Amino acid sequence: MGEVVDAGKKEANGSLADLNPTVVFVLGGPGSGKGTQCANIVRHFGFTHLSAGDLLRAEIKSGSENGTMISNMIKEGKIVPSEVTIKLLERAMLENGNDKFLIDGFPRNEENRAAFEAVTKIEPSFVLFFDCSDEEMERRLLGRNQGREDDNIETIRKRFKVFQDSSLPVIEYYNSKGKVRKIDAGRPVEEVYESVKAIFEPKNEKAD
Ligand SMILES: Nc1ncnc2c1ncn2[C@@H]1O[C@H](COP(=O)(O)OP(=O)(O)O)[C@@H](O)[C@H]1O
Ligand SMILES: Nc1ccn([C@H]2C[C@H](O)[C@@H](COP(=O)(O)OP(=O)(O)O)O2)c(=O)n1
Ligand SMILES: [Mg+2]
């Protein structure tokens, strides 16, 4: 029996287990260029880009009951409880229906990592790590001009500390599993993308 489907509205159908998506985590400090490079990857390699920060900001705008809590945490540079962020990521994956996702800015701490694994049973294929100096990231964030409440020097310093203390250990964890692809993100956008592309392109392996 055929079902009438409203093509304009995507339904969150099925489960993540059915979808069994390919996931690449895109990590790096604030301002390292995660969002910029994800836009390039989407154009060439057919992934869907999900930024945890964008999903949280959309949740604030939607007037959700968690909005005030999320907004306060972002202003303080703190990491929102995993439960909230994981629900948003799960919903976005199921609504979208693609089976290849770049998850940008997540997992940002050990709690994010362990909870995502426990809830979704998804293991990332690999982790892109954009490595960039604090000086360069600070310059970029202060010039970003997206009207973000957290792109001020006081919050930026807090975000750098959270990255050092909470996010780098997650990258170390994946590094110990051989999953990290580290990229020098301090170079111009096009140069960084050349390195990114080489990671996503199928390898032309020589027979011996
Ligand atoms: N390689 C680069 N060189 C200079 N500026 C960059 C580079 N990559 C991104 N930017 C700029 O820096 C700011 C932060 O980039 P963004 O992609 O939003 O980083 P993230 O998502 O990691 O915080 C943006 O204004 C962006 O245009
Ligand atoms: N996994 C995540 C990702 C982001 N957040 C919150 C806390 C972060 O400082 C803000 C902004 O994240 P976002 O990835 O958009 O920031 P950057 O692109 O790294 O500058 O959102 C979170 O609580 N948990
Ligand atoms: Mg970003």
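Just so you know, glycine gets a Cβ as well, placed from its N, Cα and C.
The ATP binding site annotation in TrEMBL covers Gly31, Ser32, Gly33, Lys34, Gly35, Thr36, Arg144, Arg187. In the three-state DSSP reading, Gly35 (ATP binding site) counts as helix. Around Gly35 (ATP binding site), the C-beta neighbours below 8 angstroms that are at least 6 residues distant in the chain are His49, Ser51, Asp54, Asp104.
Residues or ranges marked as ribonucleoside 5'-phosphate binding site by TrEMBL: Arg57, Lys78, Ile79, Val80, Gly105, Phe106, Pro107, Arg108, Arg148, Arg159. Taken residue by residue with DSSP, Arg148 (ribonucleoside 5'-phosphate binding site) is part of neither helix nor strand, so it is coil. Remark: Arg148 (ribonucleoside 5'-phosphate binding site) has no non-local neighbours by Cβ distance under 8 Å and separation of at least 6 in sequence.
Following the DSSP three-state reduction, the secondary structure of Asn112 (CMP binding site) is helix. Neighbour count (other Cβ atoms within 10 Å of the Cβ, all protein chains): 24 for Asn112 (CMP binding site). Residues or ranges marked as CMP binding site in TrEMBL: Asn112.
Proximity of the binding-site residues (Gly31, Ser32, Lys34, Gly35, Arg187) to ligand 3: a Cβ under 6 Å from the molecule is found for Lys34, Gly35. When the Cα of Lys34 (ATP binding site) is compared against those of the binding-site residues Arg57, Ile79, Gly105, Pro107, Asn112, the shortest separation belongs to Gly105. Counting only residues at least six positions away in the same chain, the Cβ atoms of Val189 sit under 8 Å from the Cβ of Thr36 (ATP binding site). Once the Cα atoms of Gly31, Ser32, Gly33, Lys34, Gly35, Thr36, Arg144, Arg187, the listed binders of ATP, are compared pairwise, the greatest separation found is 17 Å. Neighbour counts of Cβ atoms within 10 Å were compared for the binding-site residues Gly31, Gly33, Gly105, Pro107, and the top value is held by Pro107.
Checked against ligand 1, the binding-site residues Lys34, Gly35, Ile79, Gly105 give Lys34, Gly35 as the ones with a Cβ under 6 Å from it, listed in sequence order.
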